[in-house]
């Protein structure tokens, strides 16, 4: 059972999470990098730039996921599922660190737009939390489903020689599927198709802009 945190403890924790999420190279993974021991094959400069664009999108997706969990943490009750929510958020920090590390290996960087997407996702998470735990958990499930779609698409689009990025994305895909399943089993509402379509359209704005910026 988690220790009950004071208001000051919560503020410190929130600020620390913001820093680890938005400051480049600040996130530290609690698990080993899935790409450890995996070697890339030869890639052209164009392939490396393409791989970096995809990994930048994935990194920003994890920034959004972390903001979602943090926003919900401020407003949702989640008495029965807070431990699982905190575990999922910790795994998203792992994903942030792995994507950041891979971007550096590809001689690239994280997106300049991360603060804006963080703020938007934080607000949506806080609003979802206010609407009740079933909506909050349903939003987690729908978001993780969307992230999973991106990961599947990116694993298909990665250059054949980029084995290290693929290893990272495969582990992330496993984690995201687990988060989605947990949120639904915990009572999350299944969002209707029109709402999911709206989320996909918003996601396209992110992917188009972050690929280069």
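Using N, Cα and C of the backbone, Cβ positions are placed for all residues, glycine too.
Bear in mind that the values here come from a model prediction, so they are computed numbers and not experimental data.
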For the Fe cation 2 site that Swiss-Prot assigns to 92, 176, 179, which of 144, 145 is also named?
144
Pick the one from 62, 105 that Swiss-Prot also lists for the Fe cation 1 site with 92, 95, 176.
62
Rounded distance in angstrom between the Cα atoms of residue 179 (Fe cation 2 binding site) and residue 92 (Fe cation 1 binding site):
10
Compute the C-alpha separation of residue 62 (Fe cation 1 binding site) from residue 144 (Fe cation 2 binding site), stating it in Å without decimals.
10
How far is it from residue 95 (Fe cation 1 binding site) to residue 144 (Fe cation 2 binding site), counting Cα to Cα, in Å?
13
